[in-house]
Amino acid sequence: MIFGFHPLEGGYDVPMRVVGANIPYEWLIYVIMLIPVSVFLFGFWKKLEVWLLAKGEIHRNDKIAQRIWSWFVFSFAQARVIRKPLAGWMHAFLFWGFLVLFLAAGIDAMHNMISWPHLEGNFYIGFSWVVDVLGFLALIGVMVLGFVRYFQKPERLNDTKSSDGWIILLIFAILLTGYFIEGLRIAAQIKLSTTMQQIAYERAASPFGWMFASFFGSMSVDAMLMWHRLLWWFHMAIAFLFIALVPFTKLWHIFASMLNYTFRDLEPSANRMVYNIEEAETFGVENIEDFGWKDLLDLDSCIRCGRCQENCPAYNTGKHLNPKITLIQNMKAHLDAKAPYLLAAKASGAEVEEMAMTEEAAAEEVNPMEQSLLYDVVGSETIWDCTNCRACMEHCPMFIEHIPKIVEMRRNLVMWQGDMPGEAQMAFTNMERNYNPWGVGWAGRAGWLDERGVREMVNLLPEDGKEFEYLLYAGCAVSFDDRYKRVGEALVRLLNKAGVSFGYLGTEEYCCGDSARRLGNEYLYQTLVSQNLESFNNYGVKKIIVVCPHGYTALKNEYPQMGGNYEVYHYTEILAKLVAEGKLKPSKPLGVKMTYHDSCFLGRHNGVYDQPRNVLKAAGGQVIEIEKAKEFGFCCGAGGGRMWLEEEAVLKDGIQYKRINDTRTDQLLVPNPEMIVTNCPFCLTMIADGVKAAEAEESTKVFDVAEVLWKAME
């Protein structure tokens with residue numbers, strides 16, 4: 001931010017960039033800079049070596065234009081980071097300020113080597129002003145972030161390390177010394193200036209540098225120049241230290257985040273496909289190196305910001321799972337400890353197992369080569385605690401992919417180790433024998449039509465075989481859960497009233513397989529999908545209405561992996577469309593105060609938030625938005641196959657936690673609603689149980705969106 005003046009005709013002075021003023025042997029800086037740059041490149045190569053150890057296949061070389069745009073939006077615009085108002089914006093200020101200062105330093109270097117006539121006059125004043133202001137915002141940002149971490153101490157930052165403090169101090173020192181240098185230069189310039197115009201240029205170009213200059217006004221010019229030189233070299237030394245430390249500290253996230261933004265999963269929310277499963281020699285992930293390169297990059301990208309932890313329903317109800325610590329950070333520590341032995345085995349051609357017997361490994365306090373990823377590092381409790389709600393992935397500013405890692409480890413536990421909760425084994429058996437996790441005889445799958453008195457409204461394809469526009473995929477809950485059969489009835493009546501042409505497969509419909517897949521039984525999942533695809537294709541299905549959000553996610557996002565490409569809609573999307581088109585006109589607005597629970601699989605997994613709300617408002621519902629709604633919604637506890645697993649209330653660290661569904665129900669009951677409305681059979685079951693546990697059954701009823709709309713139609 002140093003500029004001088006040269007006289008022009010007419011006596012005017014024009015500001016211009018003067019680099020290296022008052023700095024003898026300034027050229028040495030370019031030689032010294034080779035040291036930190038070399039250290040940085042060495043560190044980057046060591047990171048790359050570790051990522052290349054990955055055995056799993058992850059392909060992220062498609063949609064190049066979209067990836068470049070993602071890199072820009074989330075890296076430079078900080079779109080995901082600023083979701084958290086205070087910390088997010090302070091981080092954005094720090095990033096933008098550092099970025100502009102880095103670019104300015106690069107321009108300085110270029111200006112010093114080649115003539116750059118544009119860095120003078122009004123353009124240069126504007127350039128200097130932008131650098132000065134954004135640099136000061138960065139200084140504010142780092143101070144606020146330090147205050148939050150060390151004085152406010154939010155729970156999400158409960159694993160602060162000593163290195164975090166040193167990094168904050170280093171960044172603070174770089175920024176502060178930069179302004180001291182600028183202030184000293186301006187203070188000296190003021191004393192040496194002969195015109196008010198020159199002083200006016202200084203004030204306009206560097207408002208905060210001018211502020212710092214006021215601190216040094218009483219010093220002599222010689223003292224100013226001496227301190228300017230000393231601080232300049234100190235500033236460059238700590239800046240070079242910063243560069244050298246990047247690959248070896250959490251500063252690495254500056255570059256790792258850019259890679260993660262570029263190579264993030266651009267496909268709709270879906271689990272990873274296992275191709276040629278019958279030929280596979282192993283299933284899932286047993287060792288850290290079995291993951292894909294993007295998974296290992298994820299581990300290096302985590303900055304321990306705690307947003308995943310803050311939003312995780314399992315963590316917030318006292319479970320073993322902490323997506324930040326017991327999952328990502330434990331895996332990262334394990335990878336860091338194991339990588340040297342894996343690299344040595346790769347270099348020598350030795351078997352990985354042999355490295356466990358080396359003297360170096362044996363001398364470790366905990367031999368990383370003998371640690372089990374599933375049992376010692378992550379822990380089976382952590383693996384089974386996850387509800388797949390996607391809150392961690394939704395709020396992670398680095399786009400770390402937590403759920404795929406959990407599911408891969410479950411696959412190994414289930415399909416390779418044969419180690420799973422007994423309730424999961426029972427659900428698998430039920431799905432294998434009767435094609436539904438309830439275990440009710442498959443022959444009665446269409447029985448709900450007669451039970452609810454809507455048989456004549458349904459085109460039962462195996463019997464009627466009429467032409468239809470949509471296939472109604474009712475799912476297991478409508479078929480076998482007594483409470484949810486009423487939802488199926490309401491939906492059928494609404495579709496008929498609107499004149500929608502639809503067919504239903506009855507006993508030729510099978511479980512969607514979502515629970516099987518998310519519990520780790522990929523083979524069973526693919527078997528169920530194959531059976532459904534055969535039925536769909538036999539009847540020429542093109543469009544599908546799905547009742548359950550879990551089935552909706554499977555059919556829409558995951559069935560295409562096996563060739564099942566259809567137009568898939570959740571029923572709330574169809575109802576919202578019918579209401580908007582005037583084909584469903586509620587005649588008896590309810591006028592009821594209600595809270596709405598966002599299903600994780602309809603909301604975070606698929607981005608469907610507004611359509612269910614529009615239906616409820618059309619029905620005359622007074623929808624009260626609670627704090628944890630939409631992207632910030634709290635899981636009911638049944639996702640990820642946990643509908644079929646027992647959950648106990650946890651006593652931990654002297655705190656008695658409630659179950660996930662009870663915790664969520666308490667949130668929904670805060671506004672004292674007359675109704676709690678869901679869009680999912682699992683959610684309805686869990687919230688209804690929560691209302692019962694809260695002894696609020698008399699004052700608050702639990703309904704599904706379809707039921708609410710039908711009530712307003714009757």
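The backbone N, Cα and C atoms fix where each Cβ goes, and this holds for glycine too.
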Fill in the blank from the handout: Joining Cys302, Cys305, Cys308 at the [4Fe-4S] cluster 1 site recorded in Swiss-Prot, out of Cys389, Cys396, Cys476, is Cys396
Exercise for the section: Count, for each of 25-45, 87-107, 164-184, the Cβ pairs lying under 8 Å from the transmembrane segment (236-256), and report the range with the highest count. Expected result: 25-45
Problem - Minimum Cα separation from Cys302 ([4Fe-4S] cluster 1 binding site), reported as the residue among binding-site residues Cys386, Cys389, Cys392 that achieves it - result: Cys392
Fill in the blank from the handout: Spatial neighbours of the transmembrane segment (207-227) not adjacent in sequence (6+ beyond its ends, CB under 8 Å) are 1, 22, 129, 132-133, 135-136, 179-180, 182-188, 190-192
Fill in the blank from the handout: Neighbouring CB atoms within 10 angstroms of the CB of Cys312 ([4Fe-4S] cluster 2 binding site), all protein chains considered, total 27
Problem - Distance [Cα-Cα, Å, rounded] between Cys392 ([4Fe-4S] cluster 2 binding site) and Cys305 ([4Fe-4S] cluster 1 binding site) - result: 12
Fill in the blank from the handout: Under 8 Å Cβ-Cβ from the transmembrane segment (25-45), and at least six residues away from its ends along the same chain, one finds 19, 109, 112, 236, 240-241, 243-244, 246-248, 252, 255
Handout entry: Cβ neighbours of Cys389 ([4Fe-4S] cluster 2 binding site) where a neighbour is any other Cβ within 10 Å
Key = 29
Handout entry: Tally of DSSP helical, extended and coil residues in the domain '4Fe-4S ferredoxin-type 2' (375-405)
Key = 19 helix, 0 strand, 12 coil
Problem - Additional residues around [4Fe-4S] cluster 2, ordered along the sequence, whose Cβ is within 8 Å of the centroid of Cys312, Cys386, Cys389, Cys392 - result: Cys308, Asn311, Pro313, Ala314, Tyr315, Leu321, Pro323, Thr387, Asn388, Arg390, Ala391, His402, Ile403, Cys635
